[in-house]
Every structure is written in structure tokens, then in C-alpha cells.
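Report on one structure; see the data block that follows.
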């Protein structure tokens, strides 16, 4: 008889490798945001176009991987807590810190825009118009939107808790995801991540299925030669780059969209590769359980408000005037500055009694 979450769930286990994958996935999310300098920057398809696209694509597996990991852990959490208890813990460890840091970001952007208008350009500052624009930036156009989306996805799975392990639910959720993949081309709705409200629920569901069948999945992954995963990874990377090229030629507003079919395949293969090499010991220094969510909450503030103030002192040329090698170094320099600065801030907060503001409650990790 098929299991469902309402009456049975897999026994809770300790998956140490999850922490390593969390750490790498968060690095990739920070890199994706730090690498991004805008869409459709290049007029042709020269070396700079491919370097820029390669760097963004290589880091594009993080979001889907995180939804997979969250779904993977849902089996234990849903079995351990009632829906009310689970949502209560989520509010303390996820939603409350999100409110705080999104407001910090909002205030930082408002101050920055006021200084630019009043002190630099000597223009009038329309507070209410700027506030409305900043609210859109923070809650729709930045990474903070994904927390809203994540909680909506969790809520959907709670609604369908009793049929979580039914393939029919997965098929319906996959169709939702594929709708957004096709919409990137047809643009029935504006094809950006903020419209993909139900595009990521499938990956939560898929993560729950991986958890339920993990003994079988892990055996299959570990028994396959590493060269198989590396080959599949490289093929998927090339396909993803080809789709970026295709979407760019079609004038897509978001050629790097996470829900491109090629990127879904790429992300799933990247996850398999990470499981295959899961013995990387990143836990001892990076402490992903303590730092991952904090890095997610803080890093975009650094990118938007701090990174430019650092780089302005280095006389960096315009992106379109860089050599391919220079662009490569510039993108990775942005990532290293943002990641290391954010990691330092988060580790510093973790040493204080205010670590709850990055989701580190003593009783909820």
C-alpha cells in the first residue's frame, strides 16, 4: 500500500551531506546574484557574451537545489510536528527574520536614493513615489520575494499533506512548472520569477519523494561512475547555454530564467553530482546550519548598497569595454567580495544574542 504523509512517514535520519549541499547551493545563489550585471548587455555573441552567460549559468542550480532540499526535509518535519506547530516554527526561524532584513533593505535603499537625489544630483526627492518604487524592488524584484514564494509552496503542500506521496499530485505540480517554462517563450504572462508563483512547488514535492525513496536513490547514484555525472553535467551546461543564446536571439526579457527546461535538467544533474561527491567537508568552517539563511537574507543588501561603493575605488571600466578575461575576473571578484563580507557579518551576528535575526533560534535550526 502506498504511503502518505497523513499516516506514515520515513524514519527520521541524520543526513550530514545535506549541510554540504546547502553550503554549495547558497554559494551558487550568491554567485548568481553577484555575477548578474543585467540582461541583453551585448549586441552580438562574442567571447564576452559567452563568458558572461557561462558564469551565470554555472551558478544557476542553487534555487532549484534549495527547494529540493527543503522538500527532502519536509518528511521529517511534517511527521514530527502538526501543521500548526510547523508553521509556528517557520514563522520564528524564517518569516520573522525575513521581515526584519527586508525592512533593513527597504530603509537602506530609501536612504541611498535620498542621498543621490538631494546631495549628488540636487533633485527633489518624492518620498512617497520612491517608497512605492522601493517596495516593488524589495518585495518583487529582489531575492526577498522567494521567501514569500517558499512559504506559499509550503502552504500548498500542507493543504495536500495527505496525498503528498501520490504521483498524481506530482504530475499536476510538474505541469504548473512546465507552464512557466513554456511561458518564457510565449509570454502569456510576464516571464519573470515574480509571476512564477506556483512554479517551484514541484521541486518541494520532488524533494519529499527523494526523502521517501532515499535508500534506493542513493544506491543508484553512488553505484554510477563519476564520469557519467560529469559528462551529463557538461552536456546539460551546454544545452542551458544554447537556450540562453536562443532566448536572447528572440529578445526574451529574462533569458537566464531559472525555470528554463534546460536549467531544470541542469539543476537536477548538478544535485546528483553533489550527492555523488557528498564527502566534501564544508561543515566545520562554513557551518551551513548556522549561516545559510543569514547569508541569504544579508547578501542582496551588500550587492545593492555596498558593492558599488567598494568597486568605485578601483576604476573599473564599463562591462561592454572589458576583455573576456577581465569580465571573468570582475564577475568572480564581485562574488568573493559579497560572499566573504556577508559570511563575516553573519558569523559576527551568530556570536551575539541577536542571532535569532538570522533564523538561529536555540530550539529551531
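Cβ atoms are placed via backbone N, Cα and C, with glycine included.
Annotated by TrEMBL as transmembrane segment, the relevant range among 11-38, 95-122 is 95-122. Looking only at the domain 'Acyltransferase 3' (16-324), the predicted model's pLDDT averages out at 92. Of the ranges 95-122, 167-182, 188-206, 259-277, 297-316, the one with the most Cβ pairs under 8 Å to the transmembrane segment (49-74) is 259-277. With respect to Cβ pairs under 8 Å, the transmembrane segment (188-206) is most closely packed against 167-182, considering the stretches 142-160, 167-182, 226-247, 259-277, 328-346. Relative to the transmembrane segment (142-160), the listed stretch 95-122 leads the set 95-122, 226-247, 259-277, 328-346 in CB pairs under 8 A. Counting same-chain residues at least six beyond the ends of the transmembrane segment (297-316), those with a Cβ under 8 angstroms from any Cβ of the stretch are 30, 33-34, 97-98, 101, 104-105, 108-109, 112, 142-144, 330, 334, 337-339, 341-342, 345-346, 358-359.
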